[in-house]
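A.B. asks: So TrEMBL lists the following for this protein:
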BINDING   Gly30, Pro31, Asn32, Gly33, Ser34, Gly35, Lys36, Thr37  ATP binding site
DOMAIN    3-328  domain 'RecF/RecN/SMC N-terminal'
Amino acid sequence: MILSEVRIHNFRNIASTSLILNPNFNCITGPNGSGKTSLLEALYMLSCAHSFRSREVAPIISYGQNQLNVFAHTYDESTISVQKSITDGTQIKLNNQFCCTTSQLAYALPCQVIYSDIFQIIDAGPSVRRSLLDWGLFHVKHDYLKIWKDYKRILSQRNALLKSRATYEHFIPWDQQLSQLANQLDKARNDYFLQWQPKFYQVLSDLTNISCTIEYYKGWDRKNAGQNMEELLQKSFDSDKNKLYTQYGPHQADLIINIEQYRVKHTLSRGQQKIILIALKLAQGQLLDKDCLYLIDDLAAELDDYHQRNLIKYLTQQKGQFVITNLINNNNYDILPIDSGLFEVNCGAIKVL
C-alpha cells in the first residue's frame, strides 16, 4: 500500500490536520517540538496500531481529549483507520472491516521506522537484533509467527518445569517439541538471512565506503559443529535447572555486526553506525514483494554532508514511500525529485510548501 490522503485528530500536539502524501518522497520541516516526529508516529500507527515511542495510549492522545483517530486513503483505493481511546481501547479497520489483530495491518502496510532509538540495535542485547529477523520473516514467511508463538509457549512451559523438582524424564516430551520447533525457526531464519546478507552488503556499498560483516547466530552450536538441539538440552539440563531457565535455543539467537572482527559499537562513530543500520533496514524493505513505508526521523542527525546527500540521492531512486524529517541543509533540496511532497509543521499545524 502507498498512502495518499492522511487525516490525524488529537494525536499529541496535532489537534486536527490532513495532508496528501507524494507516493514516493516526502520531506517534513519545522522547528524543534513542532510535531514532526508526532506526524511520523501517526503514520506508523497505520501499520502497527501503536506509536514507535510508546505503547501507552494516554501520552499520545492530545491533552484534555479522550481518543485519537488516524485515517488514510491509499493510492490503490484502500482505507485504514485506527482509533485509540483511553476508556474504550483500540479499534482498527481495514477497508471498513474491523481487524481482529494488529498483524493484519502490518501485513497490509509494511513499515520501517528509523529514529534515534535505532542505535539500540548495536547498543542493546540480542533481543533487539532478533526483532529485525522477526520483522523480515513476518513479512516473507506467513507461518513464521505461528511457529514462533508455539516455540515460546513450549519454552515457557519448560522454564516453569525447571523451577519444580521434576527429573529429566519429565522433560523429554517437552524437549522433543522444543527441538522440532527450534529447527524450524532456525531454518526459516537462516534462509532469510542468506537473502538479507548480500542485499545489505549491496545497499551499504551504495551508501558509503564503510565495510562491515553481519553473521547469524542461531542460539546454540556457536561453532557450527552440527550440535543437535535435543542432545544439547539434555546435556545442559543440570545447568538449566540451576539457573532456572533454558540457556540455548532460538530465543538466544543474535545478529552479529562486526568490522574486521571487532564489534562496530567499539570501532565506528555514531554517523558510521547510523549508515550501517539504515542499510540493514533498507535491505529488508527491498526483499519484500510489496511496497514498504519508510519513516526516517531527523535524517541529518549524526551524518556529515556527504552521507546526507548520498543517502537522499539513493532513497529518491528506490521503490517504496519515504517520509523524512530534517534534511537541515538547504543545499539538499536541489537533489530532491521535482514532485516531492514538501511540508512544514509548526505547533501541530501542517502546511504544504
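Every residue, even glycine, has its Cβ placed from backbone N, Cα and C.
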A.B. asks: Please compute the mean pLDDT of the model over the domain 'RecF/RecN/SMC N-terminal' (3-328).
C.D. replies: 95
A.B. asks: Among Asn32, Thr37, the binding-site residues in question, whose Cβ has the most other Cβ atoms within 10 Å in this structure?
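C.D. replies: The largest 10 Å Cβ neighbour count belongs to Thr37.
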A.B. asks: Under 8 Å Cβ to Cβ from Gly35 (ATP binding site), same chain, six or more residues apart: give me those in sequence order, or none if nothing qualifies.
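C.D. replies: The list for Gly35 (ATP binding site) reads Arg12, Asn13, Ile14, Val345, Asn346, Cys347, Gly348, Ala349, Ile350, given in order along the sequence.
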A.B. asks: Taking the Cβ of Ser34 (ATP binding site) as the centre, count every other Cβ atom within 10 Å, in any protein chain shown.
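C.D. replies: Its Cβ shell of radius 10 Å holds 21 other Cβ atoms.
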A.B. asks: Around the recorded ATP site, report the further residues of that chain (criterion: Cβ within 8 Å of the mean position of the Cβ atoms of Gly30, Pro31, Asn32, Gly33, Ser34, Gly35, Lys36, Thr37; site residues excluded), sequence-ordered.
C.D. replies: Ser38, Val345, Asn346
A.B. asks: In the three-state scheme derived from DSSP, which category covers Pro31 (ATP binding site)?
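C.D. replies: Once the DSSP labels are grouped into three classes, Pro31 (ATP binding site) ends up as coil.
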A.B. asks: Show which residues of the chain containing Lys36 (ATP binding site), separated from it by at least 6 in sequence, have their CB under 8 Å from its CB.
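C.D. replies: In sequence order, the residues whose Cβ lies under 8 Å from that of Lys36 (ATP binding site) (at least 6 apart) are Ile28, Thr29, Gly30, Asp297, Thr325, Asn326, Val345.
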A.B. asks: Within a 10 Å radius around the Cβ, which one of these binding-site residues has the most neighbouring Cβ atoms: Gly30, Pro31, Gly33?
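C.D. replies: The residue with the most neighbouring Cβ atoms within 10 Å is Gly30.
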